[in-house]
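To start, the structure under review is shown below, and the notes come after it.
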Amino acid sequence: MHPFWNFVVMFCPKWVAPNLLTFSGFLFTVLNFFLFAYYDYDFYASSVKHPEADPIPRWVWLIAAINIFLAYTLDGIDGKQARKTQTSGPLGELFDHGLDSWTAILIPVCMYSVFGRGPESISTLRFYFCLWNVFINFYLSHWEKYNTGQLFLPWGYDASMVATIVIFLVTFIYGDQVWSFTIPGNISAGHMFEIAFYISALVTNLPVVLWNIYMSYKNKTGKMRTFWEANRPLVPVLLFLLLSTVWVTCSPVDIIELDPRFIYLTTGTIFSNICCRLIVSQMSSTRCEIFNWMFLPTGLVVALSLLLPDTPTNKTLNLCMLYILSLLAIVSHIHYGTCVLGEGAFVLFLGEGAFVLFLGEEAFVLFLGEEAFVVSLEEESRDMENILILSI
């Protein structure tokens, strides 16, 4: 796709900020999420076993394909635009990958509407684990950079985006019932979709991540952290995986069947927050956090959900807790992103033992080893590359 992106970026004016391209692409995936939520909230529209559910209009699939294409293109040219305008730096990378971590929930959930949750497809619980497969693979790439200093982007991402566009276009042309088939072994299109999720992870990402980390230690080209420090970033994501899985598998009211869309959204948002904190850590060469404060309200909701028996009243109460937790997660995540990108301190790393901490708009502190120097700073002189904004 790079030749196409190189062609497209030539038509992008220099006054267009790369982060604007990144955010615009993200908004197209958000639009798709709301579009499918309106026409297929419960993922029954494509199921032949649920004729009471209205089918998704054909034009929705076309719009969805166009939106994914635009999102994919904008995500592909933002870095090229940054290099063209000489504004490349960690801030753009943080913004780009931070939004990508949230997109990891938005696009797959839209894909689920192609096959639905009927008996001829995969259950909501099995799709939940498909989502976690996406989450973990995205997270592993940044865990790799945390240890090696290099970010490897597997080709599986490009293949999945192209496949999504093609599937939406085929569905637009032939209707969603084109996927109502089985192959020998009673394997439906939904099952094939599920299998592809897991195989792509095992083939395109996990082995490469482990190999790159191993080689960085062997050749001494990485961060050379201890075993515990190298694996420290895995703790929060595994804790959240355990917590959320207990919730969806052990809830007496079967919460994932009551409102799978909000379960997916809540889980994906909290995961994105965990991932963004890892991205900040690996970009600033700081120690990764183990505990995420969102574990507290999530743990409380899970505990209450497990204690409440299966009654109509408790089903309503569980849904209320889910919606409150989802709102809290979304607002908190947006607040975190706003603080990191807009209200923190500017940090410019100059090399080992030396960095600059910008204090507001008037001064900065230059750290050289154990010495620190306060220097006045005019606002117009802050136009530097490789500035990372961190919250303090």
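From the backbone N, Cα and C atoms, a Cβ is placed for every residue, glycine too.
Just so it is clear, the model here is predicted, and its values are computed rather than measured.
Summarising the annotation, TrEMBL assigns transmembrane segment to 20-39, 59-77, 121-140, 152-175, 195-214, 234-256, 262-280, 292-309, 315-334, 346-368.
By the count of Cβ pairs under 8 Å, the stretch nearest in packing to the transmembrane segment (234-256) among 59-77, 121-140, 152-175, 315-334 is 121-140. Under 8 Å from some Cβ of the transmembrane segment (59-77) lie the Cβ atoms of residues 1-2, 4-5, 8-9, 12, 21-22, 24-26, 28-29, 31-32, 35-36, 39, 96, 100, 103, 107, 110, 161, 164-165, 168-169, 171-172, 176, all in the same chain and six or more residues away from its ends.
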